[in-house]
Amino acid sequence: MRSDAVKKGVERAPHRSLLYALGLTDEELKRPIIGVANSKNEIIPGHIHLDKIAEAVKAGIRMAGGTPVEFSTIGVCDGIAMGHGGMKYSLGSREVIADSIEIMAMAHGFDGIVLIPNCDKIVPGMLMAAARLDIPAIVVSGGPMLAGICDGTTCDLSTVFEAVGALKAGKITEEEFYSIERNACPTCGSCSGMFTANTMNCLTEALGLGLPGNGTIPAVYSERIRLAKEAGMKIVELVERNITPSQILTKEAFVNAFSLDMALGGSTNTVLHLKAIAHEAGVDIPLEEINDISDRVPNLCKLSPAGKYHIEDLHFAGGVSAVLKELSKAGLLHLDALTVTGRTLGENIKDAKVRNRDVIRTIEDPYSKTGGIAILFGNIAREGAVVKASAVSPEMLRHEGPARVFDSEEEAIEAIYGGKIQKGDVVVIRYEGPKGGPGMREMLSPTSALAGMGLDKDVALITDGRFSGATRGASIGHVSPEAMEGGEIAIIEDGDIIEIDIPARKINVKLSDEEIKKRMANWKRPEPKIKKGYMARYTREVTSGSKGAVFREGGV
């Protein structure tokens, strides 16, 4: 066993002495040592209950003959970090999470590891760690929050963000506003729409590192506890069979994950995160290939923010397995891909059934014949930009309008709430990329402001930053190269005409090549916004959003 390095032989007597100090017995030391990475904390609603999940995981490990050892890692609540300087630290936390798990697993010789995430950056951070470590690993998430009920209809966190704009526009009363605030998030769990956290938890099933049900079983259901026990039991089997992430995270597994992403209409952040996980696994997924997947995989689900349904509705409709089963009918999946069940993806989904055809459409009658995410290219996005096409109003799929340029999210929000943005405009928010932000902040506040004020069907927003999975509208992010790296988004001026054609996968500023070159020659790189601490180091080492915003090779 791998853990023999810390527990076997005369030379390891000091190590055993320390293990005895934990209360471990000789029998427990004979068994596989399984790390349990728990991101429980008391600031994220999606993580407040993870101690219960961890206890269930450890019970499962013990039942199967393993010895669990729990440790913690950090987690940021993107909703609480949103709209202020705290969001600069969210994406960077992904790297810290991956690094911290690597450190713990390597320092203590774990035979296998169970990863317990739930929210936005914690899920990909843990998946990156699994790929990097390549020891038997399984992910069991905390599960989604139930949807709220606001004035008789379902609501969620995106409803609250949009309510801010609606209140400022006089569309709702203060009483209605505060009722939404208090009722939108009724339970623990990851926010209830097909936002980043839930998208990634669902994709974990398609990648093969999560058990069926991982993406959709609600956080407050006893079924989630049973799933955690099963994950604990399964990791011991994976150790015994030496099934590791490198056998699971193949090119085919990532194609399966992106295919599910398109069918679900998932968050644009998945492009960033799946590319980062693939990087750790040594798998190359060019952005152009993601467009190819989108062209052939239909959008089968309209979940919040694109529609009225929530993750609990997807669960009752058959869950991720039912969506995958529907895709398999058209030969859109690699069904022979290995998973942590020890079986193939095809074997996992063979008995799945769709129980609600409005939540999960048939392959013959999709919401859209193409996938929910598109990669755009053009003279302001030579390395690509990302849009959640499934959440864009039909009238905004093609749009041309004058640029309204802002060098920070705060400037843009002030202009939107100040009534300075008109129908037809294209809001450009730059110097918010991985290096420029730094940290590639999510622009949920400005997009929600536009939606709440009724402008989401008339105004587009482009940025080298990111968008929350709760964003809807013509919101085009991850523009690469970013402004801080001399990307052409840096030289756009107020009034320049921006041309967006999502079906054709194009985004351009209507300027001649000569004018662009002239402006670029006069451009000067601004000073970094943060000059000390972790984000200063992050700024130096992070790569382009088009590469997943991973650290450069040989970096930190």
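Backbone N, Cα and C define each Cβ position, glycine as well.
The feature Mg(2+) binding site is assigned by Swiss-Prot to Asp78, Asp120, Lys121, Glu442. In sequence order, Gly75, Val76, Asp78, Ser90, Leu91, Ser93, Arg94, Ile97 constitute the residues six or more apart from Lys121 (Mg(2+) binding site) in its chain with CB-CB distances below 8 Å.
Residues annotated as [2Fe-2S] cluster binding site in Swiss-Prot: Cys119, Cys191. Cys191 ([2Fe-2S] cluster binding site) is surrounded by 30 other CB atoms, counting those within 10 A of its CB over all protein chains shown.
Marked as N6-carboxylysine by Swiss-Prot on the basis of sequence analysis: Lys121.
Sequence annotations record features per position, and here Swiss-Prot assigns active site, proton acceptor to Ser468. In the three-state DSSP assignment, the secondary structure recorded for Ser468 (active site, proton acceptor) is coil.
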> Sequence gap of 6 or more, C-beta under 8 Å: which same-chain residues meet both conditions with respect to Asp120 (Mg(2+) binding site)?
Replying inline: Val76, Asp78, Ser90, Phe195, Thr196, Ala197, Met200, Asn269, Gly469
> Reported as an integer number of Å, what is the Cα distance between Cys191 ([2Fe-2S] cluster binding site) and Ser468 (active site, proton acceptor)?
Replying inline: 11
> Taking just the CA atoms, what is the gap between Ser468 (active site, proton acceptor) and Glu442 (Mg(2+) binding site) in Å?
Replying inline: 5
> CB neighbours of Ser468 (active site, proton acceptor) within 10 A?
Replying inline: 31
